[in-house]
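Per TrEMBL, the features are as follows:
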ACT_SITE  K78  active site, proton donor/acceptor
BINDING   G174, L175, G176, K177, V178, G179  NAD(+) binding site
Amino acid sequence: MFALMQSAHVESLHLSIDPVTGLKAVIAIHSSRLGPALGGCRYLAYPNDESAVNDAINLAQDMSYKAALAGLAVGGAKAVIMRAPHVESRSALFEAFGRCIEQLDGRYITAIDSGTSTADMDCIAQYTRHVTSTTAAGDPSTHTAMGVFSGIRSTASSRLGSDNLEGLRVAIQGLGKVGFALAEQLHAAGAELLVCDIDPGKVRLAMEQLGAHPIACEALLSTPCDILAPCGLGAVLNWHSVAQLRCSAVAGCANNQLASLQVADQLERRGILYAPDYVINSGGLIYMALTHQGAQPATINQHLLHISQRLTSIYAHAQAEKRSPARVSDELAHKLLYDED
Ligand code: NAD
């Protein structure tokens, strides 16, 4: 465990149990150099304790990178609550987690993530103020989608020579909270949508409301398109899938899209422009961090605008240095987090 913490540069790891509610929680704080560590709380079933700890550790670093590149005064963290087949009271479970967070005295701020909701954050908020994305603060997904949409514009501009999305074919994998909101914005901008989701109801809705073309889930990655937007799972880009891609660029909201950094080099060799996930999907974090700090909507919108500018700058560096944008952004984040100035 310590070796994994060391290789992921995780600052501290906190394990909590509450026998009364059945809570088993892991909080991995990656870095608090730039401020208190903010990161979502997952509530998922894990095959064993080790995989839950690994998930928290592996995801925490991306949050630090995301915050650093977004210019936010927060660090990065991730929490995981292990989902049991049966729980007596979901609200009691999240209240217990709120008490755990309070013990960290503001070093960790939690937020919504896979498997958690604004209602869960409300339960946590009864015991600590170190929580965002409550019902009052709002779900960050629409802001994530806004950032991805503007990032797709700059990606189109850098790779295809124009940010006009009219007639552009965008393949979206996953029509969840972010994917569907993104599809709506792309449709309004005149893009042609090719979509898939394991939930047929979401695909039907996109067909009816946005004129989207349905694609079988197993065929989406190899479907000819201009831009592929992974908006479902992590690690969709691996040696095998990248070899099958028939797109000019990959730009979507999913976290941890690359199975490894070497896959980014493979994309580069294939001439496929890759929008680093933690840069293009930072809109939600920007919204949560700034809302928590009491910023006004105008300030938040200003920050969101920087996403496309940041991507354009990363693409320009990558092109000049003939290497993947993923390597350029990792290097930038590393400098911000570790260089002494
Ligand atoms: P979500 O759970 O609302 O949506 C995910 C969607 O993907 C669901 O509709 C699901 O059915 C679909 N899906 C899952 N597996 C699939 C598969 N194999 N093929 C096709 N579709 C599949 O989640 P979300 O909040 O929209 O987030 C989507 C991704 O973006 C996640 O990776 C998340 O970590 C990341 N992300 C989300 C936010 C945010 O603000 N919500 C911010 C940053 C990153």
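From the backbone N, Cα and C atoms, a Cβ is placed for every residue, glycine too.
Whatever TrEMBL says is automated annotation, not expert-curated.
Mapped onto three states, the DSSP output places L175 (NAD(+) binding site) in coil.
Cβ neighbours within 10 Å of K78 (active site, proton donor/acceptor), excluding its own Cβ and spanning all shown chains: 31. Recorded residues G174 (NAD(+) binding site) and K78 (active site, proton donor/acceptor) have their alpha carbons 23 Å apart, per Cα-Cα distance. Of the chain residues outside the NAD(+) site list G174, L175, G176, K177, V178, G179, S141, I172, F180, A181, L182, D197, K202, C231, G232, C253 have their Cβ within 8 Å of the site's Cβ mean position. Calculated from their C-alpha atoms, the gap between V178 (NAD(+) binding site) and the residue listed as 'active site, proton donor/acceptor' amounts to 19 Å. Around the Cβ of G176 (NAD(+) binding site), 17 further Cβ atoms fall within 10 Å across all displayed protein chains. If you measure from the Cα atom of L175 (NAD(+) binding site) to that of K78 (active site, proton donor/acceptor), you get 24 Å.
Residues from the recorded positions list (K78, G174, L175, G176, K177, V178) with a C-beta closer than 6 Å to any atom of ligand 1: G174, L175, G176, K177, V178. Of the recorded residues, G179 (NAD(+) binding site) and the residue listed as 'active site, proton donor/acceptor' place their C-alpha atoms 22 Å from one another.
Cα spacing between K78 (active site, proton donor/acceptor) and K177 (NAD(+) binding site): 20 Å, rounded to the nearest whole number.
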